[in-house]
Amino acid sequence: MASVTRAAFGELPSGGGTVEKFQLQSDLLRVDIISWGCTITALEVKDRQGRASDVVLGFAELEGYLQKQPYFGAVIGRVANRIAKGTFKVDGKEYHLAINKEPNSLHGGVRGFDKVLWTPQVLSNGVQFSRISPDGEEGYPGELKVWVTYTLGGGELVVNYRAQASQVTPVNLTNHSYFNLAGQGSPNIYDHEVTIEADTYLPVDETLIPIGEVAPVQGTAFDLRKPVELGKHLQDFHLNGFDHNFCLKGSKEKHFCARVHHAASGRVLEVYTTQPGVQFYTGNFLDGTLKGKNGAIYPKHSGFCLETQNWPDAVNQFCFQHGIIWRQRNLEDT
């Protein structure tokens, strides 16, 4: 059973409200989550010698999260990932979003779900955050009620997302935690062994928008079905890093998605999801300019993300929507 404690984390400028921190603790994990962006600010886990380290990148104080930073630990919405050229159509009407990552809209826009204060409710083994995204927020149609729930039991942290829309609107929620199983502040993730249970992936163009093809991983750098040591793998395939959607087995039931093992510490991260995709990102845009917890700097490849979600730009790519729907129906039929 997990314990939950609540404390003030900081004050938003101009009387914007108090940001609170919720600490969830079990015999195996300690997780800190703040009400600004439903952000995971710390995740402490022991190594094989029993020494605890914080394995997520982030900041010790609220000011760090209010500056321009790469979504450390936050919930992303209304739509995670990229929407091509910031436009889409729903029921024949075209909508225009802010272009905040040229030439596309990224992670919900200029003020996405990561940059708002959520309303918390303490649970016996976790915390639930809620908010109402008003009609037209960041250009999206319809009012959207959203609930994000974190619960902890033993060594398992569960994140549950629920949304209710007043009209048809795209919704794609995820968490953007950056992990380094050697401990946050370690210089890179090259000694991490990565496995992703995906037979196909989405090739992208130079702006990281999927080109519309669902490609087999067999015989490519994207075949991570058996463990690969990340640094050697990037070197062998002359890759700058990963920032790609891997296509998972469509299922409404929670299923295995990915596993990352850090041999030196013995730490293992396993990810299970009900989502049809996972964006594997290796911190390619980190550049060492941000100062994190305990004075840490975060250079390129010093953290990785496994963002379970729907496929990128699916609102503009009918073949993705159709494929996901077909797979779900096929599973229901069987």
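Counting begins at 1 with the first residue displayed.
In case you wondered, yes, glycine gets a Cβ from its N, Cα and C as well.
TrEMBL annotations:
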- H176: active site, proton donor (ACT_SITE)
- E307: active site, proton acceptor (ACT_SITE)
- N81, R82, H176, S177, Y178, D243: beta-D-galactose binding site (BINDING)
Counting other Cβ atoms within 10 Å, pick out the least crowded of the recorded positions D243, E307. D243
Given the recorded positions R82, D243, E307, state which is nearest to H176 (active site, proton donor) when distance is taken between Cα atoms. E307
Please list residues from the chain of N81 (beta-D-galactose binding site) whose Cβ is under 8 angstroms from its Cβ, counting only those at least six apart in sequence. L106, H107, N172, T174, N245, Q279, E307, Q309, P312, D313
Please give me the CB contact count at 10 A for R82 (beta-D-galactose binding site), counting all chains in the structure. 22
Identify, in sequence order, the residues in the chain of Y178 (beta-D-galactose binding site) that are 6 or more apart from it along the sequence and have a CB within less than 8 Å of its CB; answer 'none' if there are none. V56, L57, G58, P70, F72, G73, G283, L286, Y298, G303, F304, C305
For S177 (beta-D-galactose binding site), list the number of other Cβ atoms lying within 10 Å of its Cβ atom. 25
With every protein chain in view, how many other Cβ atoms are within 10 Å of the Cβ of H176 (active site, proton donor)? 21
